[in-house]
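Taken straight from Swiss-Prot:
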TOPO_DOM  1-37  topological domain 'Extracellular'
CARBOHYD  Asn29  N-linked glycosylation site
TRANSMEM  38-63  transmembrane segment
TOPO_DOM  64-72  topological domain 'Cytoplasmic'
TRANSMEM  73-93  transmembrane segment
TOPO_DOM  94-118  topological domain 'Extracellular'
TRANSMEM  119-140  transmembrane segment
TOPO_DOM  141-163  topological domain 'Cytoplasmic'
TRANSMEM  164-183  transmembrane segment
TOPO_DOM  184-191  topological domain 'Extracellular'
TRANSMEM  192-211  transmembrane segment
TOPO_DOM  212-240  topological domain 'Cytoplasmic'
TRANSMEM  241-266  transmembrane segment
TOPO_DOM  267-279  topological domain 'Extracellular'
TRANSMEM  280-300  transmembrane segment
TOPO_DOM  301-317  topological domain 'Cytoplasmic'
LIPID     Cys315  S-palmitoyl cysteine
Amino acid sequence: MPVLGSQRRLLGSLNCTPPATFPLTLAPNRTGPQCLEVSIPDGLFLSLGLVSLVENVLVVAAIAKNRNLHSPMYYFICCLAVSDLLVSVSNVLETAVMLLLEAGALAARAAVVQQLDNVIDMLICGSMVSSLCFLGAIAVDRYISIFYALRYHSVVTLPRAWRIIAAIWVASILTSLLFITYYNHTVVLLCLVGFFIAMLALMAVLYVHMLARACQHARGIARLQKRQRPIHQGFGLKGAATLTILLGVFFLCWGPFFLHLSLIVLCPQHPTCGCIFKNFNLFLALIICNAIVDPLIYAFRSQELRKTLQEVLQCSW
């Protein structure tokens, strides 16, 4: 993974140093003022990864169990859960191997650890790209269902959805291979950052347009019922709150990581950028948090899926 400063790499575990005692430390910069560095304990990484792992496994199991959920929209949600699942698995695996190496319970040559590190980095990169793609696919699917409701089932068909899903996974695998092979090339980093900005812009435009259409529809109903102001204001506030949460979580969880990549290109030697580089572990933790929040936003709000989830949990007991 192309990072500067503090980073979670397996090779660093071969010559490990004791972890910081406090979660917040002021890290001195050689050419500038002190920096605030947030140290993320390995136990927290494991806990976040395991919570995300359980959540997303439940989403996949619920969608697989209920045939009523075998539709393009839920297939996109299922693939998002698989992507988040891979993010969690890769980080849990990396943390576990690092802990075993540091404790001396696992002996491995540097070359073997390097290969394992590359595999995990490919898994992380591919799952990140696929997660962003499926977030965009879900936004497009919802947009079509609102603005082209009568034509939705002819536009978003199962064969077309499967082709989109296959294309996303193939593109994610190819992207991860290119990223690991050419991570030290500026163009590769800029393409990843540009991809994130494009997904953010796509989601913002589509969801804002959907909110505007929903408010317009609510105003029409209010005029018929002669209660325009209360209904419109209440619906508008609820829709704006939902939109803020959806886009806010996306930006807060993914933004710092891609800011990190941008600064590697723009100011790799600047003291202020160096302060940001030191918090790379925090940025990874935020991405895992996004994998925890995604099921709450996209999956568990469905009554049908929640009902199926209860059945899955009852069967497991």
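Glycine residues also receive a Cβ, built from the backbone N, Cα and C atoms like all the rest.
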Count the Cβ pairs between the transmembrane segment (73-93) and the transmembrane segment (164-183) that lie under 8 angstroms and are 6 or more residues apart in sequence, then report whether there are at least 3.
yes
Are the transmembrane segment (192-211) and the transmembrane segment (280-300) close enough to be called in contact, which here means at least 3 C-beta pairs under 8 A that are separated by 6 or more residues?
no
Under 8 Å between C-beta atoms and at least six residues away from its ends: which parts of the chain pack against the transmembrane segment (241-266)?
2-4, 132, 135, 186, 189-190, 192-193, 196-197, 200, 203-204, 207-208, 211, 273, 276-277, 279-280, 282-284, 286-287, 289-290, 293, 297
What same-chain residues lie close to the transmembrane segment (164-183): Cβ under 8 Å, and 6 or more beyond its ends?
1-2, 75-76, 79, 83, 118, 121-123, 125-127, 129-130, 133-134, 137, 189, 192
Among all protein chains shown, how many Cβ atoms are found within 10 Å of the Cβ of Cys315 (S-palmitoyl cysteine), not counting that one?
9
Hey, which bits of the same chain come close to the topological domain 'Cytoplasmic' (141-163), Cβ under 8 Å, at least six residues off its ends?
71-73, 75-76, 206, 209-210, 213-214
Give me the mean pLDDT over the topological domain 'Extracellular' (184-191), rounded to a whole number.
84
Hey, which bits of the same chain come close to the topological domain 'Cytoplasmic' (64-72), Cβ under 8 Å, at least six residues off its ends?
78, 141, 156-158, 160-161, 302, 304-305, 308, 311-312
Can you name the far-off residues of the same chain, 6+ from the ends of the topological domain 'Extracellular' (184-191), with a Cβ under 8 Å from a Cβ of it?
2, 178, 261-262, 264-265
Long-range neighbours of the topological domain 'Cytoplasmic' (301-317), counting only residues six or more past its ends (CB under 8 A):
58-59, 61-63, 65-66, 68-69, 74
Three-class DSSP secondary structure - Cys315 (S-palmitoyl cysteine):
helix
